[in-house]
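According to TrEMBL, the features are:
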type: BINDING; residues: Cys185, Cys187, His209, Cys212; note: Zn(2+) 1 binding site
type: BINDING; residues: Cys198, Cys203, Cys225, Cys228; note: Zn(2+) 2 binding site
type: DOMAIN; residues: 182-231; note: domain 'PHD-type'
Amino acid sequence: MASSPYFDDVESSLNKLPEELEQNLKLMLDLDTKSTKLIAEIDKMSNDYTSNIKKYSLKKQKKIMKSIQSKYDEVKSLSDDKVQISIQNYTLVDKSIINFDNEMSKFEERVQLKAEIQEKALNDKQYLNPKKGCLKIKSEPSTDQSNSTNSVDNVAVTSGASFGDGIALSAYVDMPIDPNEPTFCLCKKVSFGEMIGCTNPDCDIEWFHFKCVNLITKPEGEWFCPNCRKNKKKK
């Protein structure tokens, strides 16, 4: 199964997560090692101080206490850094989970949209393929009765319906194509937008997107596709 850009982005972000967490955990371990060393020094200095307090002058007592306090401040600073890194780790994991949930939700919507489009394309195939015994369609009533026709030839078909949250059917053009899904036109893509049928009953392709054959509106009378026009000139 081909990888989707959707999952490539998610996979990339998840692959980076363990690396970032590992770096942060190593940093926390380093801070913890420094804290442990400082606490051991504080314990030693405190024991020496209490054992020899009577021997020390007032000035030396103050100096030792100041040194102990300084080391306590270092330990506190290292502990604060560890807390901040822990919060960062939590945020990284939480953000990845939220992002993954959002991407999965979007993917489910796309899967649902594709299922609806495939179903419509298969239904369209029944209407767009009258030569194989399927149901013929009628053109929309014309204000000009002289140009009215009930033939499938030269009928503009609009399949640009919307699904879900207003997502146009034409959005499917850029989505992966199911190998079993019927395709049309010179572009060999599924039915979408406005389409026109070739007048030639033996046309191999039969139906074409307006844009692919440079049409803006449905032409009056017969219309032959570029391939049929070319073959007609050769004959």
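In case you wondered, yes, glycine gets a Cβ from its N, Cα and C as well.
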(message) Going by Cα-Cα distance, which of the binding-site residues (Cys198, Cys203, Cys225, Cys228) sits nearest to Cys187 (Zn(2+) 1 binding site)?
(response) Cys225
(request) Report the member of Cys187, Cys198, Cys212 (the binding-site residues) whose C-beta atom has the most other C-beta atoms within 10 angstroms. (result) Cys198
(request) Show, in sequence order, which residues other than Cys185, Cys187, His209, Cys212 on the same chain lie with their Cβ within 8 Å of the centre of the Cβ atoms of the Zn(2+) 1 site. (result) Phe184, Leu186, Lys188, Lys189, Phe208, Lys211, Val213
(message) Tell me the Cα distance separating Cys228 (Zn(2+) 2 binding site) from His209 (Zn(2+) 1 binding site), rounded to the nearest angstrom.
(response) 16
(message) Can you tell me how many other Cβ atoms are located within 10 Å of the Cβ belonging to Cys225 (Zn(2+) 2 binding site)?
(response) 23
(request) Sort the binding-site residues Cys198, Cys203, Cys225 by C-alpha distance from Cys212 (Zn(2+) 1 binding site) and give me just the closest. (result) Cys225
(request) Could you put numbers on the helix, strand and coil content of the domain 'PHD-type' (182-231), residue by residue per DSSP? (result) 9 helix, 9 strand, 32 coil
(message) Restricting to the chain of Cys185 (Zn(2+) 1 binding site) and a gap of 6 or more, list residues whose Cβ falls under 8 Å of its Cβ, or answer none.
(response) Met195, Ile205, Trp207, Phe208, His209, Cys212, Val213
(message) Other than Cys198, Cys203, Cys225, Cys228 themselves, what residues in this chain have Cβ atoms within 8 Å of the centroid of the Zn(2+) 2 site's Cβ atoms?
(response) Thr199, Asn200, Asp204, Ile205, Glu206, Phe208, Phe224, Pro226, Asn227, Arg229
(message) Counting across all protein chains present, how many other Cβ atoms fall within 10 Å of the Cβ of Cys228 (Zn(2+) 2 binding site)?
(response) 17
(request) Would you report the average pLDDT that the model assigns to the domain 'PHD-type' (182-231)? (result) 89
(message) Using a 10 Å radius around its CB, how many other CB atoms surround His209 (Zn(2+) 1 binding site)?
(response) 23
(request) Give me the non-local Cβ neighbours of Cys203 (Zn(2+) 2 binding site): same chain, 6+ apart in sequence, Cβ-Cβ under 8 Å, ordered along the sequence. (result) Cys225, Asn227, Cys228
